[in-house]
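A.B. asks: TrEMBL lists these features:
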BINDING   ASP453, LYS454, THR455, GLU554, PHE595, LYS618, ARG651, THR731, GLY732, ASP733, ARG866, LYS872, ASN895, ASP896  ATP binding site
BINDING   ASP453, THR455, ASP892, ASP896  Mg(2+) binding site
COMPBIAS  25-34  compositional bias 'Acidic residues'
DOMAIN    88-144  domain 'P-type ATPase N-terminal'
DOMAIN    173-235  domain 'P-type ATPase A'
DOMAIN    918-1172  domain 'P-type ATPase C-terminal'
TRANSMEM  138-160  transmembrane segment
TRANSMEM  338-361  transmembrane segment
TRANSMEM  388-407  transmembrane segment
TRANSMEM  949-970  transmembrane segment
TRANSMEM  982-1002  transmembrane segment
TRANSMEM  1032-1051  transmembrane segment
TRANSMEM  1071-1089  transmembrane segment
TRANSMEM  1096-1123  transmembrane segment
TRANSMEM  1143-1165  transmembrane segment
Amino acid sequence: MATERDSETTFDEDSQPNDEVMPYSDDETEDELDTQPAVEPEQNRINREVEVTRETLRKDCSWQVKANDRAFYEQPQFMKTTFLGFKRSKYSGNAIKTYKYNPITFLPLNLLEQFKRAANFYFLVLLILQTIPQITTLAWYTTLIPLLLVLGITAIKDLVDDIARHRMDNEINNRTCHVIKEGRFKETKWKDIKVGDVIRLAKNTFVPADILLLSSSEPNSLCYVETAELDGETNLKFKMSLEVTDRYLQEESAMAAFDAFVECEEPNNRLDKFTGTLKWKGRSYALDADKILLRGCKIRNTDVCHGLVIFAGADTKIMKNSGKTRFKRTKIDSLMNYMVYTIFVLLILVSSGLAIGHTYWEQQIGNDSWYLYDGMDYSPSYRGFLNFWGYIIVLNTMVPISLYVSVEVIRLGQSYFINWDLQMYYPEKDTPAKARTTTLNEQLGQIHYIFSDKTGTLTQNIMTFKKCCINGHTYGECRDKTGKPRNRPEQVDFSWNMYADGKLAFYDQYLIEVIRSGSDPEVQQFFFLLAICHTVMVDASEGDLSYQAASPDEGALVTAARNFGFAFLSRTQNTITISEMGTARTYDVLAILDFNSDRKRMSVITRDSNGRIRLYCKGADTVIYERLHPRNPKRQATQEALDNFASETLRTLCLCYKDIGNEEYEAWNKRFMAASVAVRNREEALDKVYEEIEKNLILLGATAIEDKLQDGVPETISKLAKADIKIWVLTGDKKETAENIGYSCELLTDETTIYYGEDVSALLQTRLENQRNRSGSNLNSSQRTNEPFLQQGRNHALIITGSWLNEILLEKKKKRKKLLKLKFPKTAEEKQKQLQSKRKAEANKEQQQRNFVDLACECSAVICCRVTPKQKAMVVDLVKRYKKAITLAIGDGANDVNMIKTAHIGVGISGQEGMQAVMSSDYSFGQFRYLQRLLLVHGRWSYIRMCKFLRYFFYKNFAFTLVHFWYSFFNGYSAQTAYEDWFITLYNVLYSSLPVLLVGLLDQDVSDKLSLRFPTLYLSGQKDLLFNYRKFFISLLHGVITSLVIFFIPYGAYLQTMGQDGEAPSDYQSFAVTTASSLIIAVNFQMGLDTSYWTFVNAFSIFGSIALYFGIMFDLHSAGIHVLFPSAFPFTGTAANALRQPYLWLTIILSVALCLLPVIALRFLSMTIWPSESDKIQKNRKKYKAEEEQWRRRPSVFRRGISGRRSAYAFSHQRGYADLIASGRNIRRRRASLTAVLCTNLAEVRQAEAAS
């Protein structure tokens, strides 16, 4: 039993997930492991392994690319069948398409989409029914005019949106680069690039496709790229071509004649992996990810590079990571559709009841009334059937045709308000807020979970040197030259230093004085160490020093040393030159002991001009302190400084050194050289040798770097937390770095209990076992346990890496191992057993994922680090699926696109990482802090406005339509209308549309400042308090009561009455005018009661709508228009005759008063006895306005003395440039001939042949 259960999970105790590894191979292991027989013959095992090997080679390298040969891709084996049997090449073009329509398809496709809406299709059917004379009692134009208006406005809006998409696509597709055509480089648009083209790219241009680097203007065809759009990192990375292409492919003619053949993996989403082989001149060369430039990268510090297009357009890795574009609908949209279906059902029930009533009436009264004979000998039941359809037409306004178009107009207006909000404008980048979609605004007021990227979203991705501790003394506070504290900070003047870049903001004048005076040699030694111990490369080609670092941290430290007088000037394969207080000195670099995520440190061994050998080391305090000499007098003082730096959430690093004797170095160097050429386990051997020399170190001090948060991030997170919005951080960064940022932005505090991957795994295993014990082995019938995972009343946080996430969520898949089916055919029993096992595993996986979501949602903060783009989307999807919560994802890079598309709402930060995230987002702005205004102000207002609009809209339509229902009891259920046809046509279009539209656009219960000051106001949207089925039925009841009053008050007044002129005003047309006038005044005044924010425009719309009604009515009832169209305008003179009777005006006033006074009384009681949070704030708004005090950031609380958080120094996600420097491949040298390359590069050739 235990064995069976163990097989259901993938928790592997022998190999724990690696927190440092990002599991990028998302789609390479889609197949589950087949069940294997217990005993397998040896020959079968050998056959199977051969089959697997062949299958792997065939599967992994089935993509073929021929250089400079476009005809190659038109061969039959590369064609695939598409829609209607058309064939096209499997190789995608490079054009990007995000638009939906073209001039030919716009009208049919748009109409098809619009008629997918139930309401629009319903009114189309209704229009057809109105052309049948036996059924209709309403003119066809009463439905046609509103339907055309709705379809037209929606079509125009869709057209405007699609034109914007066309423009954006054209902007990208029409970028240019140079492509070999007809033997020469010619300027070509991106959209015309094809697989196999050889292209040339210049400095500071984007890479248009995934290309194999062939050569560049740099030594050994190095190419420096910025991958901000791919992984969010702005530090430079280097790529290097094959030596053979570097030596040979430099001239235009050589590239035109290039005819290599590439076999590689199929297009996939693995950003950091590539496998392939280049075959050229009879030789094979292995290709890997270091030789590939991905679309979205930017060429930096490289004048020119050349490449061969491998993947284009939709096949590129950045596009494969984008995920599917999902059609997003708001929660209110879905609810609104269900309510429309409810109205359909009510409409059918009411029409059926009235049709039955008409059948009964015909049997009892109609057949005996000779004066009602219409010449048709229909039976009562058939007349009832016809009247059913007649009432479907008469009562059609219960389903509001203008509802959807009104909603679209309101959303469009709200989107413009977001675009025009100057408080969300970021002047530094000239970036306004932008609502890129107009259909999701009210959903911004219902967010439960926010999923945020870290780099570039919460942080600026800018590292700044803030403080340091040298020889036990801390520097970096505001002090004068004598070391005394200063009240007013004064920036240090670096003008004395010819190499200072002028960008470092430092305020400790005393440190400068100590450096310049030379009074403390340890201080100079400290900055000398920063200048010499690194793998930074320098570019001085333009007269200024430009550093290229493997991580922004390392760049910040070298730049700081430069500003303080120790400038790194240049390096060769074996030397490094430093300017020490203006004097240039060159040192021999004997060895570089590079950083990796296990070592968490790096060292260099140098020899000065006097022959002294010294090791300089920098690294995380957790590893440095273990390797210090027992006698380090400043150890404790530095420890206290580290604690202080940690409390300020600065990224810390310890510096130390060690003098090495010649004999000791020579002995160690022999072991080092042996490890460097080890064939197996080279990295482990090198790490072991490094350990031998990195001991008994002398502590010099510590640095403190600030990973600068964007302005207002902690305040924004705090306010969103008060609004009960939970924030999860999903990042590809390291665990320590992500945790450190969690403290900086106050997601984590000293009181927070943190659970890591192993803790979560244990909790979930325990819960899963308990669930199995309760329900037996059948997980399908297992009942969820409701008890919480964690202790209530305390703050909990979850920090989990991508590897642990795959392990816990049972997403760790294995490749299918092929079996020879002829040897072991499966019996029916085995197939059934395998099917049951698969179902059980799926149920187990679902339960495990549900448990994980329950656990994570109990935490106040969740940080997922080292996660892939696909994992980001998976986490968002899990919360959507199991919590049914509204989610928002925010990011700024291409690695966030999948997450942004998966969430209900996607927000893009238009920053320094390109436009990929923005292009896929629903909303965009320049800084994370604007998110609080987007949600707490615009989102809440949009939600309140939309809810108020919908409640009122349903109310006014029920009040209008149900008058026909009451009238049917007095007209033999004959489907006659209570109003004039033109009133029915114009009621929703003109007479009652403007006030409700303006409330939907302009209304606000409290001001924007109070919305931000009291985030708890946001809770009403999260809990769906303002619009739900209860509110819907209240609106229905309100409409029923209003229709009763509107019909029966005039009916009672007309029952036995006489006008002033002795004429009875109780004819049908006068009654229709009276009820219509009462209705228009009542519903418009009701809108006035529902308005919270009064402006001149609102007042004008309400009284203007009433005036417009009377103006149009008198025109339509005039004799002149009756003469022109006698059949269309039968109410000649009715308005003038009826409304001159004071008795009718008193009837109208009484009807309106009975409709409104109960509402006013209920509102007064509600606000007095049961006031809402909004009511309380409105009541005290004058007091709050007088105070005008800004919300202040609460004091930061951090854990002190915890080394795990202090040690967050991130050199980079992989090794630095040490290998590149030590090999000398970045040094310019004379090129050899192609023959020399092909003949002498035996090692590379052998390696390539072995790989192929």
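Using N, Cα and C of the backbone, Cβ positions are placed for all residues, glycine too.
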A.B. asks: Measuring Cα to Cα, how far is ASP453 (ATP binding site) from ASP896 (Mg(2+) binding site) in Å?
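C.D. replies: That separation, Cα to Cα, works out to 7 Å.
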A.B. asks: I need to check the long-range neighbours of the transmembrane segment (388-407): which residues 6 or more away from its ends have a CB within less than 8 Å of a CB in the stretch?
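C.D. replies: Beyond its ends, the transmembrane segment (388-407) has Cβ neighbours at 117, 119-120, 122-123, 126, 129-130, 132, 135-138, 143, 146-147, 149-150, 153-154, 336, 340, 343-344, 346-348, 350-352, 354-355, 946, 949-950, 953-954, 957-958, 960-962, 964-965, 968, 974-977, 984, 987-989, 993, 996-997, 1000.
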A.B. asks: What is the total of other Cβ atoms whose distance to the Cβ of THR455 (ATP binding site) is within 10 Å?
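C.D. replies: A 10 Å sphere around the Cβ of THR455 (ATP binding site) contains 27 other Cβ atoms.
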A.B. asks: Tell me, please, if the transmembrane segment (1096-1123) and the transmembrane segment (1071-1089) are in contact, taking contact as 3+ Cβ pairs under 8 Å between residues separated by 6 or more positions?
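C.D. replies: The transmembrane segment (1071-1089) and the transmembrane segment (1096-1123): touching, yes.
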A.B. asks: Determine the Cβ neighbour count for ASN895 (ATP binding site): the number of other Cβ atoms within 10 Å of its Cβ.
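C.D. replies: There are 31 such Cβ atoms around ASN895 (ATP binding site).
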A.B. asks: Could you count the residues of the domain 'P-type ATPase A' (173-235) that DSSP puts in helix, in strand and in coil?
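C.D. replies: Summed over the domain 'P-type ATPase A' (173-235), the classes give 11 helix, 30 strand, 22 coil.
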A.B. asks: Within the domain 'P-type ATPase N-terminal' (88-144), how many residues are helix, strand or coil going by DSSP?
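C.D. replies: Counting residues by DSSP class gives 25 helix, 2 strand, 30 coil.
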A.B. asks: Across the domain 'P-type ATPase C-terminal' (918-1172), what does the pLDDT come to on average, as a whole number?
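C.D. replies: PLDDT averaged over the stretch: 88.
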A.B. asks: Starting from the Cα of ASP892 (Mg(2+) binding site), work out which of the binding-site residues (THR455, PHE595, ARG651, GLY732) are within 10 Å.
C.D. replies: THR455
A.B. asks: How long is the line from the C-alpha of THR455 (ATP binding site) to the C-alpha of ASP896 (Mg(2+) binding site), rounded to the nearest angstrom?
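C.D. replies: Counting only the Cα atoms, the answer is 11 Å.
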A.B. asks: Provide, as an integer number of angstrom, the distance between the C-alpha atoms of ASP896 (Mg(2+) binding site) and GLY732 (ATP binding site).
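C.D. replies: About 10 Å separates the two Cα atoms.
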A.B. asks: Per residue, counting other C-beta atoms within 10 angstroms of the C-beta, which of the binding-site residues ASP453, ASP896 reaches the highest number?
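C.D. replies: Answer returned by the neighbour count: ASP896.
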A.B. asks: Ten-angstrom check, please: count other Cβ atoms within 10 Å of the Cβ of GLY732 (ATP binding site), all chains counted.
C.D. replies: 28
A.B. asks: Taking the Cβ of ARG651 (ATP binding site) as the centre, how many other Cβ atoms fall within a 10 Å radius?
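C.D. replies: Around the Cβ of ARG651 (ATP binding site), 27 other Cβ atoms lie within 10 Å.
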A.B. asks: Relative to the Cβ position of ARG866 (ATP binding site), how many further Cβ atoms are located within 10 Å?
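C.D. replies: A 10 Å sphere around the Cβ of ARG866 (ATP binding site) contains 26 other Cβ atoms.
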A.B. asks: Please give the greatest C-alpha separation between any two of the ATP-binding residues ASP453, LYS454, THR455, GLU554, PHE595, LYS618, ARG651, THR731, GLY732, ASP733, ARG866, LYS872, ASN895, ASP896, in angstrom, as a whole number.
C.D. replies: 33
